[in-house]
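Heads up: the structure comes next, in structure tokens.
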Amino acid sequence: MKEFNTRQIVEKYNFRFSKRLGQNFLTDNTVLDDIVENAEIQKDDFIIEIGPGVGTLTRRLLEKAKKVCAIELDESLIPIITNEMKEYDNFTLIHNDALKVDFNNIIGEEQSVKLVANLPYYVTTPIISKLLNEGYNFKSLTIMIQKEVGDRIAAKPSTKDYGALTLLVQYYCDVKVVRVVKPSCFIPQPKVDSLVIRLDKLEKPRVQVKDEKLFFNVIRSAFNMRRKTLWNAMKGLKLSSEDLEKAFEAAGIDSKRRGETLSIEEFGKLSDEIYR
């Protein structure tokens, strides 16, 4: 593989970073190699990359995968990455906002699909939510995100980071924390640490619930009023006190507990009893 230096490419094209788009390009080759290694890319994999920047990670992906499709929002990066990747016939570039993309149109008939990306901090949670909630056929997501968000995704019950995002991700995926990435590994340097994590999609959700929408409504209610007891938090579901009391009793959950103490299995039991 050719030497491909992020700083050199940025200087070559006199690229100007956009604060609005949260652009921080990874320059550390060890971190780049760790991302690719932990993505476990096979020669028949179809890789989707969100926010390729100047293509530092992209090139490594192209050397290993069958195809790479990159989605980039910044119009000023389109000619740069197009020119830098012109030697690869297994590369496709889409100029669009990843939050507006129907990934099924990109995936098509591909069977082994993985997402690998250095996600902009400001859209991390919306993108993860979209990718998981809309049921796309990804085997895994290997992503670099703000450490604060990564800590929330990997959190355990009864910790300060445990919340609705934790349960959304762990409902659909196994979570592996790969490594911490320091600000010095980027240009320009962000103000906080980053985290590389890998999310492996489960064949079926971690818990089987009768009504998925209700399940997530129960979770949101519990964490919208995090410091309140479950009894007070669930009042927003507009159930009678009698029905709510029956649901807690049938689920075997003390209504004086707080949402942050419940496991995903307990949230499943509670939502199923409320559904009755």
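Glycine is treated like the rest: Cβ placed from N, Cα and C.
For ASN24, LEU26, GLY51, GLU72, ASP97, ASN118, the entry in Swiss-Prot reads S-adenosyl-L-methionine binding site, with the evidence type sequence analysis.
On the structure: features taken from Swiss-Prot.
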residue: ASN24; record: S-adenosyl-L-methionine binding site; Cβ contacts under 8 Å, 6 or more apart: PHE17, ASN118, PHE186, ILE187, PRO188, GLN189, PRO190
residue: LEU26; record: S-adenosyl-L-methionine binding site; Cβ contacts under 8 Å, 6 or more apart: THR6, LEU32, GLY53, THR56, LEU57, ASN118, MET144, VAL181, CYS185, PHE186
residue: GLY51; record: S-adenosyl-L-methionine binding site; Cβ contacts under 8 Å, 6 or more apart: ILE71, GLU72, LEU73, ALA98, ALA117, ASN118, LEU119, PRO120
residue: ASP97; record: S-adenosyl-L-methionine binding site; Cβ contacts under 8 Å, 6 or more apart: LEU73
Among ASN24, LEU26, GLY51, GLU72, ASP97, ASN118, the record's S-adenosyl-L-methionine binders - longest CA distance, Å: 20
Neighbouring C-beta atoms (10 Å sphere around the C-beta of ASN118 (S-adenosyl-L-methionine binding site)): 25
Neighbour tally for GLU72 (S-adenosyl-L-methionine binding site), based on other Cβ positions within 10 Å of its Cβ: 25
